[in-house]
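Annotated features, as they stand in TrEMBL:
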- 524-558: compositional bias 'Polar residues' (COMPBIAS)
- 514-573: region 'Disordered' (REGION)
- 36-64: transmembrane segment (TRANSMEM)
- 85-105: transmembrane segment (TRANSMEM)
- 217-239: transmembrane segment (TRANSMEM)
- 246-264: transmembrane segment (TRANSMEM)
- 397-416: transmembrane segment (TRANSMEM)
Amino acid sequence: MTFSSFLINLFSHVPRLNFKFHWTKDIFNFDWSSEYFQALALVACLGAAVSLLLLVTIIIVWICQACRKNETTGKTRRRVRRLSTVLFIISVLCFFMLGICLFANEHVNRGMSISINSVINSKKSYQISMAQISQFQEAALNTTVDLKNLEDIVHQESKKTKNATIVQQIDQILTNITDEIDIIAKNGKLFQAKHDDDIGTLENIRKFLSMYESERWAFLVILLSITMCVLFTGVVAFCKQSKKGAVVFSAIGFFIFVVVWLLISVSLPVTIALADFCRDGDQVTRKNLGNLYETVQFYNTCVPVTTHDNLPRPIASHVALLNNIPASKSQLDRLMEVAFNSSAAITNSSSAVGEDITKLLKLAGAVSSSSSCYVFHDDVANFYYGTCNQSVAGMSIYMMSILLLGLLLFVLLIVVSKTWNLFSRLSKTSYPVRVRPFRYESAASHDCALPIGRAQLSPTVVVRTTQPATSVLLNKRVSFRPEEYIEVDDDDPFFPRGVNDSTIPVDIYGTHVYNPRTRDRTEPSTNTTSGTADESNAPLWSQNVSTPLVSNSMTRQPFMSDHPYTTYEDRYN
């Protein structure tokens, strides 16, 4: 059992139910009112119902996803990566299924091309065979005319001879030869009239198959190519983690999903019909081929040999009438030579009949050669091979692959809806950062103390804010756009251009309090905080304390008093 025969038997188990949901025995009948057509329509409706159910599911999930409240958690970046990876894997599987669909489409096209070429070759061979039969029939008519002339001459010459027995034998042989030639001429005419439309039938089959296959192949290639382009756009959007690209892919992918499932709904009954044709298509074949059906069946089942005697029954019976004519003609010539003593009129007429019979024998050989089994067998067998082997296998592979593609697209459209919120956070992502207070020093320190939003930050950078320490929460999430950089203008209060550094306030927020970098500095305070107003400039730890807290304790030294750089400027530089 071949793979194609296994698939044909597998599709034969698909229920064929009419509109009353009764099992129908009508097989491969494409009449619009037939029960078989109703069964195929129900199969198509089943595919449409499944696609409709999946569409409703997608719409419900999308509505729920659109109405879902956005929740920002610390695992957003990880979730986005995982979701992008899942979408990429599903898209790769969709590409793989599309490749299989294109392969199966080419497989079906190759099978149908074999069948179309076999029809073309059969048509050419059949035209040659019919031309030989036509010449054979015309030669038989000409031989009939010459035989009648010979009979008239024999009747005239028989009046001059006295050997009545030989004349009767001559007349009997002439009658037999004339009747056989006449039968050949009449049968040839009947055969031509019976099979006159065979060439047109083969041409109609060729046109139908060519038109159907070319349109089917081009239609599927265009749709699958569009689907591939849409999937490629989706893959780019997933890799870039773009919300806009994900939304556009969702919109276009929705229509692609509908188109794919419509193809499934149409492809399934077509595949079943093709399998039924290869298993039980004799009735439809007989109806469409007419008188050509028996000839096709003969050439499909015959065993090709090098001899010319393996012919269809009508042609074989047509040619077999000439088997006894050469022997009868030889006997007729001997009797006429004895009876009429080599009469010139009889000799000339007999020679004309002999030439006609020789021509008939040559044309009979040409008919046998052009109509033999080995001429048509390969073409007819290739037709069934291309249709019932290659095409059935290709359509089955295509059906399974496009069904898997439809399911993968369903999963893809469900999963891609989750990116609508996650990818939107990616464009303005929140990162946990460590915050500590700092004081705005001077223009020379901008590279290490820029305000929030003025520099491109990474998730691991330490941000020093201009707010007081009491107003900043540790592990606070700072939102910014990594791709944006805002140019500082002349009105920026933190970094005015064209202004001397000496005019910049020493401390704007009083953040020098408890700041180790300003513990030993002597700049006057701006008195912007209650902790620095009306107090001495000496550090707190170097001020005199009236009573030590603990006796015999070590005196606390100024911060970094033992550092080789004794001044703030040296340490800073």
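Just so you know, glycine gets a Cβ as well, placed from its N, Cα and C.
Nobody curates TrEMBL annotations by hand; they come from automatic prediction.
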Out of 36-64, 217-239, 246-264, 397-416, what stretch is closest in contact terms to the transmembrane segment (85-105), meaning most Cβ pairs under 8 angstroms?
397-416
What same-chain residues lie close to the transmembrane segment (246-264): Cβ under 8 Å, and 6 or more beyond its ends?
47-48, 50-51, 54-55, 58, 62, 220, 223, 226-227, 230, 233-234, 237-238, 399, 402-403, 405-406, 409-410, 412-413, 416-417, 419-420, 423
How about long-range neighbours of the transmembrane segment (217-239): same chain, 6 or more residues beyond its ends, C-beta under 8 Å?
84, 87-88, 91, 94-95, 98, 101-102, 105, 108-109, 245-246, 248-249, 252-253, 256, 259-260, 263, 405, 412, 416, 419
